Amino acid sequence: MAELNIRNAIKRYGPVEVIHGIDLDIADGEFCVFVGPSGCGKSTLLRMIAGLEQTSEGQISIAGRDVTHAEPAKRGVAMVFQTYALYPHMTVRQNMSFGLKIGGTEKTEIARKVDEAARILKLGDYMDRKPKALSGGQRQRVAIGRAIVRQPEVFLFDEPLSNLDAELRVEMRVEIARLHNQLGATMIYVTHDQVEAMTMADKIVVLRDGRIEQVGSPVGLYEDPDNLFVAGFIGSPRMNFFAGKVTDMHDAGVTVTLPRLGDVAVPVATDAPLEIGHAVTVGVRPEHFDPSGEITAQLAIDVVENLGGVSYAYSTSQDNAPPVIIEWRGKNRPRQGGTVAVNFDAGCALLFDTASGLRLR
Amino acid sequence: MTKHNIRTSIGNIFVLLLVFVMLVPVIYMILMSFRTGEEIAADPLGMPSGLFLGNYINTLESMNYFRSVANSVGITLSVTVIVAFVGSLAAYPLARSTNAWGRAFIMLVALGLATPAFVTITPIYVIFRQVGLLDNYVGIILAFTALNLPLAVFFYVGFIGAIPRDLEEAAKLDNCTDFQVFWHVIRPLLGPATATLSLFVMLMVWNDFTYPLLLLTDPDKFTVMISVYRFVGNHNIEPDLLFPAAVLGSLPLLIIFVIFQRRIVSGVTAGAVK
Ligand SMILES: Nc1ncnc2c1ncn2[C@@H]1O[C@H](COP(=O)(O)OP(=O)(O)O)[C@@H](O)[C@H]1O
Ligand SMILES: [Mg+2]
């Protein structure tokens, strides 16, 4: 069990820099999720922590020990790969014992640890099978078992569930969360799926193009995003963005006029020094549309998805912008092809600077 | 009959024809081995009149059979094991290298593949004379190993390239040194490749007679193919000794293949990496 500190970590492939100076602290026992679109450098950063990629500059330390240039096996980390990476010619038991055997652990001790891991992961019935004879979920369990057996200080997962079908993914998600509670170990989990990030993480690190966009708790990122990227990435369905201009200023904030909503004026609280005419973006989440809200606008609805307990109404505009998504619950849900009045509270609206994408608080 | 059936029948006929054409010399060799020298001289294409085993007894007495088979088996197995081990060990870093030097080296190996065996025999002879490896088991094994290594390296580079790197990285995290990664993870996955390669190497080494002919002089060190070739004289052939000798010369290899056939076939079809 250990904390992890990353200071100004940079990764270059030849002249190309793909990780641009990451600073990050992960506390002992924390479940930290790296999330971001494909190609943003999540795997690279994880592999730098594992020691599978050289760190070009900066420092990585685990439990206060500088491991920046240590061998992978000497870092006290274990990794679960997206492809499972089980040794095809070994049985489940051999796969799980291999690391300890190479490390020279005593036979009875190996057996004890492997049996313990098998018990935790309910692998007892498969111990003498080869990976080929296992289902995807079982292989994933073996891969996790192989990591547990090593009793690492930090567990690393690189998109471990992306090769599983949807149902199994939910099951394994719960299982990994349970494992985290049971072992209390520090875990770093990479995914491009923000649902996985939201459901599993103590701390989410949102990455984009090799930079950290924001670090925080799932709820913190959801309710209080630092910029348009994080606001749009976290939450499903995604947040609605309305381009607008500052048309009035008052003590507590500004009034913003939104053309997409029929030039409705929305008073937004902010301390930011703004001028009349400043281009801003207002973000409203689908579930923040609420009949009791004081702001009203008319929207033409072209598609309605009814999921039973909740419906999502989509309103597409002419200008190629993403559709406005409105969540409806209860009775009187909108119909396809109609026009509805939508309401929301100005207090729910988030204000962003359009040019820089930064949040205006 | 459906179109599909007709097509497979025609295919089968062609395969049978091909097998027949390939087997004719072998069948001829076996049939002739049971006929006396006079019979063969009188009618070279005739059938044996009975199972005349006298040829075999004469041959066994005059060709030093068991000694030469032991030599051949020893040399062939040593060469196969060394070639498989050294070849895969050399191929591993080559298969994983991404820089220009690695690729250039692989091209160099391919050049070795394209060099005919008789071109290298003269320099090998001269060098071996200098260092005293002529008429020496170690020498002949070294020569055959050198001859077959390019094939092995080339072969293994392709196979190792198909093994996912994740496995190596997992092994690195499992405390393995580079050699341990090779030994515990890469090598066991090369089973099918090794089976196929061994087949080629064994055939080549067993059947070659130019190298032993030039590098060995002591009759007690002769391989079985040299012993067989002794019955092909400069001016005449002794058919009643040559044919049985040829049968006896190929027999051990055949037995080895029958024993290992299961493994070779299952190895080729196993698809170890998945
Ligand atoms: N070996 C490599 N050589 C050059 N560029 C690489 C290499 N590996 C990854 N990259 C680049 O680094 C970036 C981050 O990759 P990666 O960490 O795999 O992204 P993610 O896991 O977030 O999808 C990508 O733009 C990718 O093209
Ligand atoms: Mg990745």
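Including glycine, each Cβ sits where the backbone N, Cα and C put it.
Sequence annotations record features per position, and here TrEMBL assigns domain 'ABC transmembrane type-1' to B:69-260.
What TrEMBL records for B:12-31 (among others) is transmembrane segment. With a threshold of 8 Å between CB atoms, the same-chain residues lying at least 6 positions outside the transmembrane segment (B:12-31) that come near it are 47-48, 243, 246-247.
Summarising the annotation, TrEMBL assigns transmembrane segment to B:69-92 (among others).
Per TrEMBL, transmembrane segment is recorded for B:104-128 (among others). Tertiary proximity for the transmembrane segment (B:104-128) is limited to same-chain residues at least six positions away from its ends with a CB under 8 Å from its CB atoms, namely 94, 134, 136, 139, 143, 146-147, 149-151, 153-154, 157, 208, 210-211, 214-215.
The transmembrane segment annotation in TrEMBL covers B:140-164 (among others). Beyond its flanks by at least six residues, the transmembrane segment (B:140-164) meets 75, 78-79, 82-84, 86-88, 90-92, 94-96, 106, 109-113, 117, 120, 124, 128, 133, 186, 189-190, 192-193, 196-197, 200-201, 204-205, 208, 211-212, 215-216, 221, 273 of its own chain at Cβ-Cβ distances under 8 Å.
According to TrEMBL, the transmembrane segment annotation covers B:185-206 (among others).
Below 8 angstroms of C-beta separation, residues 29-30, 32-33, 55-56, 58-60, 62-63, 65, 69, 72-73, 195, 199, 202-203, 206, 224-225, 227-228, 231-232 of the same chain, each at least six residues beyond the ends of the transmembrane segment (B:241-260), sit close to that stretch. For B:241-260 (among others), the entry in TrEMBL reads transmembrane segment.
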